[in-house]
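According to TrEMBL, the features are:
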COMPBIAS  101-111  compositional bias 'Acidic residues'
BINDING   Ser350, Lys356, Glu357, Asp386, Lys527  UDP-alpha-D-glucose binding site
ACT_SITE  Asp386  active site
BINDING   Lys528, Asp552  Mn(2+) binding site
ACT_SITE  Asp767  active site
Amino acid sequence: MDAGGLGFLVAGSRREFVVLNVDDFSKQGSSQGCPDYICQICGDDIDILQEENEYFVACNDCAFPVCRTCYEYERQEGTQVCPRCKTRYKRHKGSPRVHGDEEEEGSDDIESEFASSIAGRSNIVHPYRVSVAESSINSWDIDSVSITNSGASVHFYEEHVGTPTNHHALVVHPNTGEIMRYNPLQTRPINPNRDLALYGYGSVAWKNRVEWKTKQQNKMQKVSSDGEGSDLNDFDSDCDIPRCAESKQQLSRKVPIPSSKINPYRIVISLRLAILGLFFHYRILNPVHDAHWLWLTSVICEIWFAFSWILDQFPKWHPIQRETYLDRLSLRYEKEGKPPELARIDVFVSTVDPMKEPPLIIANTVLSILAVDYPVDKVCCYVSDDGAAMLTFEALTETCLFARKWVPFCKKHKIEPRAPEWYFAQKIDYLREKVHPEFVRERRAMKREYEEFKVRINTVVANSCKVPEGGWSLPEGAPWHGNNVRDHAGMVQVITGNDCVMDDAGNKLPWLVYVSREKRPGHDHHKKAGALNALLRTSAILSNAPFVLNVDCDHYMNNSKALREAMCFLMDPVLGEKICYVQFPQRFDGIDQHDRYSNHNVVFFDINMKGLDGIQGPIYVGTGCVFRRHALYGYDAPTATKPPSKTCNCWPKSCCLCCGSKRKCSKAKKKQEHQKKVKCRNASKQVHALEVAGRETAPPVPREKFEKRFGQSDAFLASTLQDNGEGCHFDMLKSLDDCIHVLSCGYENKTQWGKEVGWIYGSVTEDILTGFKMHCHGWRSVYCMPKRPAFKGSAPINLTDRLHQVLRWALGSVEIFLSKHCPIWYGYRCGLKPLERLSYINCVIYPWTSIPLLIYCALPAFCLLSGKFMVPELPAS
């Protein structure tokens, strides 16, 4: 070695190399370095975080120096606790989640988590891969190169003058013998007289870390879809890695109400209960003997008021909020280059009278559905015309023509809302964010197209006022079946959905189907519930989507991602199987500033429904709700919703959650106890497999039972055995004949339709009854409140309409109270929770509160007439 040369050491084992600067050893105290910035497990330098420009700190309690690699190893394969203070490691930003991580408040760092996970693993598997052929090797004189299979190999080499002294080193690959160049940012001073094991190299912890690196490399190689090349440099182009990393993430999470907001409310409720107790103690123990009937009547009324108040307050005790992750939904079910795997959704729009429900409003609702942000081949829109009006059919035909221009315009510019009437009525600056001249021209042209569309719709409405003598007829000359509204055959017309119906951009449009069920005199058609059940059977034959959304004709889709919001709950692999429906709040347009008729109903939609979501789920309010078709068929909720997860570190297999504690078992447990848990775990896995497979793995059911439950239709019975939309491949003519059969007014006779299947009959408020039956079957529901309201509708604008609406709700509650489905005595020993039952009892008895309220208001008048009072008089002083 020349005197002027600079000496380096290359130390390494079979897995890893370390470059040492020998000249630094001559400096006094250099061997100590900076102990606070050196990992105490493996001896590597602790990295500096680029975002915060500070050293990485694994434990926030004691700041024990541990590098990022050892931190990840301890969290995923080790004890997950700090070696010094024994505190459990918390998850840092960008770190992959492991079992036991608590939900943390703040922004989600899923992108950083992907980047950190992939980048970190690439650094672990292939350290320092830089070929010497990529740079100039003429400036190096290699004195000796030797490879040993055990222990550390040390190589001295020189570097000629002119080459930087602190940026270059040579390393030799242990397997291939390839000479590589390593460019470290810093050289680490190590005393050559001391054992290398003191610095972490060759120690047991270091060997375990090396084995973990190899294990991670094997895992990442299995993820590769094409199986070619194990170089992690190709991972950026592998689209399977994000989905693999996201497969363990839930699509939604609960966000509890902060204690600073909910605890004062609970304290006030507790104080009111105490005051009520003292009040009734005084009222009952101090009767009025000379006016006993007035005193008794007033006490009974007051007890009823207190009972009604308690029923209303207790379901609000534990409100929650929910948060969805639409990006995780896309990463999991919409892989780039592959067809989307999102579930099919059938959308039901119900209408009755075109005079009360203008066709232009129906057209806007349908247009917002056709332009929804969801795969086109996964959406089918069914419009139920219970009035069999020719006007509605012609309006839908004109809507289909305008949709060819409106749908591509919405998807190209991503506008909100996608109902043209309310989009063009917004009083905001549309050019603030859409400054491109092309958008300005297209928007102006689209507005002119919409004005022409409105003229055509108004023309159709005007022509419908003049009914021909022979009744309405179709363009081909056939008579219109709905000329007699109360006596006509069923009608089904697929308006869009064929491959020949494309929009102006050359893309397919979602299905749009017109349906009108058969009506005959003398038959009870069960109003809206009967119409929705007819749509449920028709859609099962045509598209058979596993999920169903029902909206009123005046509720347009205000948020184009509303379907994705619902799928974050219903398609969640962990929690989705027990959810029967996702309810969105009702929001309205056209309400005056002071909301004089209380159309917003803030107490119910923003407080009560959140409280019910914390119990078993919100009640069904009749619109803006996405159902699971399997739940509408009256089946019970699955008992096992998820397989057991890893909770045990002392044995190679995980413990079962259904056999004992969720805590980690200690290493001192006997092997016999663990084998018992393993058997329980295997049994729970079998239950989970049966629940996932559904009815396909269940024993065959006699056909007679199916017919008594669902009716005598071969096409519909076959669709009930399929939940993934396989029914969409069919012969059109044969399927339309089957649809006419299930639309007949006598199809539901001697079946379970309206009793256990579909929307339940027996009340004008079929929504409360239907949701109640589902909860009795063990299902739970979810309340989804996205930042942008999912649906908006038209509210009553005068007192007459508002009173008529309130009266209809009250009559429906009275009908449920007097029926066998009253929650006071129905549904015990089933899946309905007690607090959920109290909420349903409150829904059906609130109209009866008007009777004691009327009597209590009349008591002062009786006191004045009789000269007696209902409370005892105070003694004279």
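Glycine is no exception: its Cβ is also placed from the backbone N, Cα and C atoms.
Just so you know, TrEMBL annotations never went through curation; they're auto-generated.
Structure with TrEMBL features highlighted.
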residue: Ser350; record: UDP-alpha-D-glucose binding site; Cβ contacts under 8 Å, 6 or more apart: Ser384, Asp386, Lys528, Ala531, Leu532, Leu535, Asn550, Asp552, Cys553
residue: Lys356; record: UDP-alpha-D-glucose binding site; Cβ contacts under 8 Å, 6 or more apart: none
residue: Glu357; record: UDP-alpha-D-glucose binding site; Cβ contacts under 8 Å, 6 or more apart: Thr351, Cys553, Asp554
residue: Lys527; record: UDP-alpha-D-glucose binding site; Cβ contacts under 8 Å, 6 or more apart: Asp386, Val764, Glu766
residue: Asp767; record: active site; Cβ contacts under 8 Å, 6 or more apart: Ile619, Tyr620, Val621, Gly622
Other than Ser350, Lys356, Glu357, Asp386, Lys527, which residues of the chain come within 8 Å of the UDP-alpha-D-glucose site, judged by Cβ distance to the Cβ centroid of those residues? Thr351, Val352, Asp353, Gly387, Lys528, Ala531, Cys553
What number of additional C-beta atoms lies within 10 angstroms of the C-beta atom of Asp386 (UDP-alpha-D-glucose binding site)? 22
Neighbour count (Cβ, 10 Å) for Asp552 (Mn(2+) binding site): 22
For a quick check of packing: other C-beta atoms within 10 Å of the C-beta of Lys528 (Mn(2+) binding site), how many? 20
What's the longest C-alpha separation between any two of Ser350, Lys356, Glu357, Asp386, Lys527, the listed UDP-alpha-D-glucose-binding residues, in angstrom? 16
